Amino acid sequence: MDDSSSNLHPARPVLEAPDIKRVLTRIAHEIVERAKGADDVVLLGIPTRGVFLARRLAAKLEEITGSAIPVGSLDITMYRDDLRLGPARALAHTEIPAEGVDGRLVVLVDDVLYSGRTIRAALDALGDIGRPRAVQLAVLVDRGHRELPIRADYVGKNLPTSQRETVKVQLTEEDGHDGVLLGTRAPASEHAESGARPRRGTAPAG
Amino acid sequence: MKRHLISAADLTRDDAVLILDTAEEMARFADRPIKKLPTLRGRTVVNLFFEDSTRTRISFEAAAKRLSADVINFSAKGSSVSKGESLKDTALTLEAMGADGVVIRHGDSGAPHRLATSGWIGGSVINAGDGTHEHPTQALLDAFTMRRRLVGEEGAALDGRRITIVGDILHSRVARSNVHLLSTLGAHVTLVAPPTLLPIGVERWPCEVSYDLDAVLAKSDAVMMLRVQRERMNAAFFPTEREYARRYGLDGERMARMPEHAIVMHPGPMNRGMEITAAVADSPRCTAVEQVANGVSIRMAVMYLLLGGAEPALSREDSAHPSPATTPDGGAARRPAVEENN
């Protein structure tokens with residue numbers, strides 16, 4: 001809570017475009033370091049923004065290693081544990097690279113790590129596609145408040161937040177510009193939400 | 001349309017495109033080693049078939065099973081229905097068993113509507129063909145097939161495409177559903193049939209009517225041949241089968257007059273030699289087999305959108321079924337937009 005007028009423009013930037021660029025470069029190097037090269041790495045982004053981050057990471061990895069890195073997307077909608085708490089959602093694309101995932105090192109890529117439920121769903125979805133050698137997780141922002149025993153292997157920025165705050169990642173491909181905004185949830189929507197589903201005290205996903 | 005899929009006429013353009021796009025994703029799952037999804041785990045879908053239709057039933061059954069729903073098949077033959085049980089008592093039995101979705105095929109037009117609006121059951125009703133009224137999932141899978149073959153772009157509709165439906169329009173629920181859905185999606189529909197096989201009031205349908213197949217073939221993007229339903233040919237609708245086949249059947253010569261990209265569709269089962277010759281049926285331009293495969297994807301999409309969430313994803317504002325009082329979860333207010341964090 002900064003001040004009383006924060007309802008109008010409550011969001012303040014915590015990462016700007018150059019920061020995001022540097023962070024992704026660092027994560028790409030970390031992946032190469034941990035995997036001793038990136039020969040068997042497959043990047044799978046979680047829609048919507050995880051996919052764009054995965055593509056950017058793949059481009060960086062190609063710069064570093066000199067060889068193309070398979071990149072795809074993994075939609076987790078059908079595997080969510082909160083499907084029955086709202087209307088059925090529209091599905092996003094799942095595109096597994098032609099190389100497949102069997103025996104490879106899959107790096108899941110998402111924008112924000114929050115409750116951990118999205119990643120749990122992603123692991124379930126991945127299990128129906130194949131059997132990777134190992135699965136790792138790269139996120140741009142880790143905002144805490146895990147509800148499952150899940151952690152990220154590569155973190156762009158650790159961002160301590162309260163549950164009343166919102167973290168909004170904006171990427172050029174989807175939003176026209178790069179940035180990460182930290183804001184406060186509008187009280188109105190909080191009311192409506194708790195009114196509609198009183199049981200639901202947790203983060204919906206993340 | 002609300003919690004039910006009774007009529008293709010209830011679908012808005014956005015609903016229809018959402019179903020087609022969802023089906024496109026469902027089709028991708030069919031190529032995987034593990035085709036099953038956990039989405040409807042613990043939900044029960046009852047296939048309630050008062051008319052025999054193995055093809056439609058197994059399509060719905062495969063769709064429900066791929067979404068991990070429990071499927072109960074209920075066919076009228078050899079059941080309590082043949083002992084005289086009414087639709088109401090059957091429905092109450094299903095409700096007592098906790099059916100979340102009921103797929104109904106019935107010989108009487110309006111039976112699914114009755115089931116959905118009577119308050120007998122709380123689950124979603126999906127019309128799998130009722131009398132000579134509608135067969136909405138067939139129309140959706142036809143539109144899906146057309147969009148794949150003629151447009152090839154997700155998120156799109158069928159704007160400006162010319163679709164010709166040939167045959168027994170009078171008895172065809174497939175034609176009725178297709179006319180509504182295809183016109184909603186922006187296509188121009190032309191019906192071709194002998195005057196005796198056109199229903200009364202067809203001039204008020206959102207389509208054109210012709211009696212001359214050869215005249216419309218050259219400007220059709222898709223030609224849908226309907227089965228001549230011999231079981232319903234109890235009056236003198238046309239003089240002989242040979243004459244019907246000559247004037248309204250599709251043979252190789254007629255197919256050659258269609259534009260290069262145009263496709264031939266058939267909802268099946270085909271009467272080879274009657275409305276379609278074997279040469280046409282086996283040609284790569286005929287999508288009959290593809291339509292069957294697409295049927296599973298479409299039915300998965302419909303079941304996911306109706307049963308997958310706490311409330312259906314399709315638009316609720318509609319006046320076709322005036323029964324707001326009977327919805328058990330009538331108070332389910334629209335939830336605010338979901339969180340941006342994921």
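If you go along the chain as it appears here, the first residue is 1 and each next one adds 1.
Backbone N, Cα and C atoms are what each Cβ position is placed from, and that goes for glycine too.
When TrEMBL records B:Arg55, B:Thr56, B:His135, B:Gln138, B:Gly268, B:Pro269 as binding carbamoyl phosphate, the matching candidate from B:Arg28, B:Arg105, B:Arg232 it lists for that site is B:Arg105. Note on the domain 'Aspartate/ornithine carbamoyltransferase carbamoyl-P binding' (B:3-147): mean pLDDT across this stretch is 92. Listed binding-site residues near B:His135 (carbamoyl phosphate binding site): B:Arg173 (candidates B:Lys83, B:Arg173, B:Arg227; Cα-Cα distance within 10 Å).
Remark: B:Thr56 (carbamoyl phosphate binding site) has B:Arg105, B:Ala128, B:Gly129, B:Gln138 as non-local neighbours, by Cβ distance under 8 Å and separation of at least 6 in sequence. Neighbour counts of Cβ atoms within 10 Å were compared across the binding-site residues B:Arg55, B:Lys83, B:Arg173, B:Arg227; the minimum falls on B:Lys83.
Once the Cα atoms of B:Lys83, B:Arg173, B:Arg227, the listed binders of L-aspartate, are compared pairwise, the greatest separation found is 32 Å. Under the DSSP three-state reduction, B:Lys83 (L-aspartate binding site) is assigned to helix. Note: the Cα of B:Gly268 (carbamoyl phosphate binding site) and the Cα of B:Arg227 (L-aspartate binding site) are spaced 7 Å from each other. There are 27 other CB atoms within 10 A of the CB of B:His135 (carbamoyl phosphate binding site), with all protein chains counted.
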